Amino acid sequence: MARSLYEWLWQHEFWLPPGITWEDMKESEDTHYPQPRDLLLSIPFALILVVIRCAFERAIALPLSTKLGVRDKQRPKAEPNPVLETFYSTRRKNPEEGELLSLAKQCDLPVRKVEKWFRRRRNMDRPSLSKKFSEACWRFTFYIISFFTGLAVLYNKPWFWDHRECWTGYPQQPLQPSLFWYYMLELSFYWSLVFTLPFDVKRKDFKEQIVHHAATIFLISFSYCANYIRIGTLVMVIHDASDCFLEPTKIFNYMKWKKTCDSLFMIFSAVFLISRLVIYPYTVLYNTYYYSMEIFQPFFGYYFVNVLLIILQLLHVFWSCLIIHMVYKFILQGTMEKDMRSDTEESDKDEERDKIREKDKNGITYFSNVTSNGYIRRNGSEPLDNRAHLANGHAKER
């Protein structure tokens, strides 16, 4: 069954141009072509990257965060409550109004205290600032290494300067060792991101990240198997260019270096918008869609790879809209708006709002008590009833 599925899936009519078969791409002692089985190496390499990442974050990133003054916010802990904890872990983390009323009755607590408990409990599960810093340090380190590795590999390649060279001799383009290891590095990294996705900092574009990782892994894998190596290397180096500026922007934000953070974000925005909305469509989309037609006629693999590339471009547009909105706010307000992809701690706004309400309530109660006795004390001691009474809300002289 598996053998039949494999043979059907890898029919040369699907993945190779008309007139080319897998027989034409047999390896020899001097010539090596990409083989699907090579991709299996990316899984153990990804696990190795996960181990390296854990060691890097513990041995380098966390001590560095302490030295640079990155401090985790002290969060008030939720008081132990078995009923609420059971609901939180088995049902949902953000109960609806009816559920809050029911839980308040079960625990014999005011509804507001139940709301506060869930806010504090959710905040306890939010990642600390040091964790965000460590994650950003790891990604920054990788993107820097990957980007300059890509430049070193592609600098002397003809298709890096003349994009039509991507299709010269296709698909019978021998795989060079440097390109193989560059592919393994990138593919292993994205697999490692998938493996650590449940443990990484979750942002508001979490679903888009999953789509991005899946599309990237499929694109890298397919481009390798169908020998779209040349176009694939261009895609990877373009993506790494802007990421090299995004991660240090986050790092300086966690360090509270606001001016440096704002400056880096503007540089990142410019690099991202130019590389993803200008260079990528021309260098990759136009190249794959039009230049390839000079060499062969359309076939299934041609449409498949273009669909994956367009999915990436749609995600570029989505993130570009968020970035442009943040830049627009920066120009108007003169300060960088908080990353809309980040999740806000509820205590930052809701806890303070509750405190203000309590203060207002206490102030009204105190004012009501002292005025009901017919006098107001000045400085907390001196009676004023021999001077003024409240009549219709106004102080009136006797």
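Glycine is treated like the rest: Cβ placed from N, Cα and C.
Some features that TrEMBL has for this protein:
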- 39-56: transmembrane segment (TRANSMEM)
- 67-128: domain 'Homeobox' (DOMAIN)
- 69-129: DNA-binding region (DNA_BIND)
- 131-332: domain 'TLC' (DOMAIN)
- 136-155: transmembrane segment (TRANSMEM)
- 180-199: transmembrane segment (TRANSMEM)
- 264-283: transmembrane segment (TRANSMEM)
- 303-328: transmembrane segment (TRANSMEM)
- 341-361: region 'Disordered' (REGION)
- 377-398: region 'Disordered' (REGION)
- 384-398: compositional bias 'Basic and acidic residues' (COMPBIAS)
Summary of DSSP states over the domain 'Homeobox' (67-128), given as helix, strand and coil counts: 36 helix, 0 strand, 26 coil
Integer average pLDDT (0 to 100) for the DNA-binding region (69-129): 80
Selected stretch (most C-beta pairs under 8 A with the transmembrane segment (39-56)) from 136-155, 180-199, 264-283, 303-328: 180-199
Within-chain partners of the transmembrane segment (303-328) [C-beta distance under 8 Å, separation at least 6 from its ends]: 205, 208, 211-212, 215-216, 218-219, 222-223, 226, 228, 231, 235, 265-266, 269, 272-273, 276-277, 280-281, 284-285, 288-289, 336-337, 339-341
